[in-house]
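Asks: Just passing along the structure, written as structure tokens.
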Protein chains: 2
Amino acid sequence: MAKPLILVTNDDGITAPGVRTLIHIMKKIGDVIVVAPDSPQSGMGHAITLDSTLYAEKLTIDEESEGIVEYSCSGTPADCVKLALQELMERKPDICVSGINHGSNSSINVIYSGTMSAAIEAGIEGIPAIGFSLCDYKWEADFSQAKEYVQTIVEQALQHGIPKGTVLNVNIPKLTKDELKGIKVCRQARANWKEKFDKRKNPMGKDYYWLTGEFELLDQGEDTDEWALANGYISVVPTQFDLTAHHAVQELNSWNF
Amino acid sequence: MAKPLILVTNDDGITAPGVRTLIHIMKKIGDVIVVAPDSPQSGMGHAITLDSTLYAEKLTIDEESEGIVEYSCSGTPADCVKLALQELMERKPDICVSGINHGSNSSINVIYSGTMSAAIEAGIEGIPAIGFSLCDYKWEADFSQAKEYVQTIVEQALQHGIPKGTVLNVNIPKLTKDELKGIKVCRQARANWKEKFDKRKNPMGKDYYWLTGEFELLDQGEDTDEWALANGYISVVPTQFDLTAHHAVQELNSWNF
């Protein structure tokens with residue numbers, strides 16, 4: 001069988017250790033092309049660049065990636081995928097992988113996630129796609145312990161295909177290789193952020209705010225991604241972009257329009 | 001009964017005719033507070049400002065809105081809602097309405113929509129929320145024909161409550177009042193954008209791209225938002241932020257992890 005063609009992207013920027021790790025794992029599985037943002041895009045959600053120009057610069061980042069075609073792109077993660085598919089790649093990739101994100105994209109974080117928006121963008125275009133995140137925000141986070149799991153998940157996705165209309169949201173707990181217990185398929189836990197804004201005055205005396213907050217888990221289920229992560233498992237959530245709450249259609253039809 | 005407290009926001013910016021129309025309709029229903037972006041934020045998806053400061057400026061935009069408290073905010077639509085709820089409002093609003101957007105947010109557009117991200121942000125916080133969009137991108141679009149329908153939908157939402165875990169995505173076709181046939185509860189149509197990038201050279205000889213594209217409907221259903229809009233109806237889609245593809249969990253559990 002021909003080697004699979006793998007599109008790699010992320011939201012922390014093309015030089016982030018997380019994406020470099022992902023590239024090196026993907027090299028073992030197939031032919032790799034990288035199209036990733038030229039600067040960090042965390043919290044960008046599914047933003048796209050509608051009213052500005054996009055640049056894409058071919059470059060080489062490190063020796064280990066020699067021979068891999070890499071583009072640094074001025075846009076958001078979703079822009080990177082669009083540009084890769086329409087302009088930079090000669091054929092559709094067999095799979096698109098995004099990450100490994102520096103920080104969790106479990107539960108409600110999926111909504112804000114640039115990592116997942118890239119995967120979702122590929123999914124909308126009919127390409128199997130997976131977003132990977134490590135629950136460690138640090139730039140110097142240790143991505144080595146999960147290498148084999150990441151490889152297994154991508155190989156299984158290539159073998160089985162990802163269910164239609166879904167992409168996978170994979171989160172890896174911050175644990176050593178020995179502590180990791182395996183992989184669990186989960187649902188997205190119900191949670192939100194209890195926002196707190198840190199209100200300050202700028203040197204000109206004007207108020208401004210920094211967004212801070214605390215994660216609040218509102219879900220006691222043992223079938224959720226948060227449960228899996230807290231109990232030593234890598235979580236895999238099938239994530240869809242049909243946002244219809246089908247169960248609510250009937251109720252709304254009783255309204256008096 | 002006390003007048004309901006209504007938070008109004010949008011993604012086209014606080015001076016956009018669409019949000020001014022929405023404010024004037026909401027004045028008839030309750031007490032209004034406006035927290036909206038100081039500049040257009042279309043295509044921002046669910047972006048939030050993680051690593052930068054946020055400003056909020058109290059201001060008055062037009063005479064018709066006299067007496068209404070309005071803030072212009074430097075952030076994204078989701079930032080506006082977070083800041084409103086945590087810092088700018090004294091109590092939780094009874095409902096949050098976003099829009100009226102200049103342009104459609106039907107079918108797959110919901111994914112890229114700043115209008116809907118504001119509504120979803122409110123929904124995550126447990127507040128009934130509705131995003132309104134008119135299928136006309138023009139700044140000088142005519143929002144008058146749908147005024148009564150917008151009012152009815154908000155009044156019905158206040159009366160019945162919006163189903164838990166969902167927010168409403170309302171799209172209004174570009175039709176005259178006489179042509180509008182009514183309101184239909186729908187599901188999100190399957191569709192995507194066939195992207196085309198317009199590749200150009202800048203004055204320094206460097207390639208750059210503009211994102212353009214054609215909307216491609218992939219769904220023949222007569223229960224979709226696209227069908228409703230094409231047939232003269234206002235579409236109402238209950239939209240959820242639990243993105244789990246529950247039907248896919250079983251299939252993924254057959255993988256060999």
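Cβ from N, Cα, C; glycine included.
According to TrEMBL, the protein carries these features:
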type: DOMAIN; residues: A:6-195; note: domain 'Survival protein SurE-like phosphatase/nucleotidase'
type: BINDING; residues: A:ASP11, A:ASP12, A:SER42, A:ASN101; note: divalent metal cation binding site
Asks: Given a 10 Å Cβ-Cβ cut-off, pick out the one of the binding-site residues A:ASP11, A:ASP12 that has the most other Cβ atoms nearby.
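Replies: Selected residue: A:ASP11.
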Asks: When you average the Cβ positions of A:ASP11, A:ASP12, A:SER42, A:ASN101 for the divalent metal cation site, which other residues in that chain have a Cβ within 8 Å of that mean position?
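Replies: These residues sit around the divalent metal cation site: A:ASN10, A:GLY13, A:ALA16, A:GLY18, A:PRO40, A:GLN41, A:PRO77, A:GLY99, A:HIS102, A:GLY103, A:SER113, A:GLY114, A:THR115.
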Asks: Using DSSP and three states only, what is A:ASN101 (divalent metal cation binding site)?
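Replies: For A:ASN101 (divalent metal cation binding site) - judged by DSSP and reduced to three states - the answer is strand.
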Asks: Tally every other Cβ atom lying within 10 Å of the Cβ atom of A:ASN101 (divalent metal cation binding site).
Replies: 31
Asks: Using a 10 Å cut-off, grab the number of neighbouring Cβ atoms around the Cβ of A:SER42 (divalent metal cation binding site), all chains included.
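Replies: 21, counting other Cβ atoms within 10 Å of A:SER42 (divalent metal cation binding site).
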Asks: List which of the binding-site residues A:ASP11, A:ASP12, A:SER42, A:ASN101 have a Cβ under 8 Å from any Cβ of chain B, in sequence order, or say none.
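Replies: From A:ASP11, A:ASP12, A:SER42, A:ASN101, flagged as close to B: A:SER42.
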Asks: Per DSSP, A:ASP11 (divalent metal cation binding site) is which: helix, strand or coil?
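Replies: Looking at the DSSP assignment, A:ASP11 (divalent metal cation binding site) belongs to neither helix nor strand, so coil.
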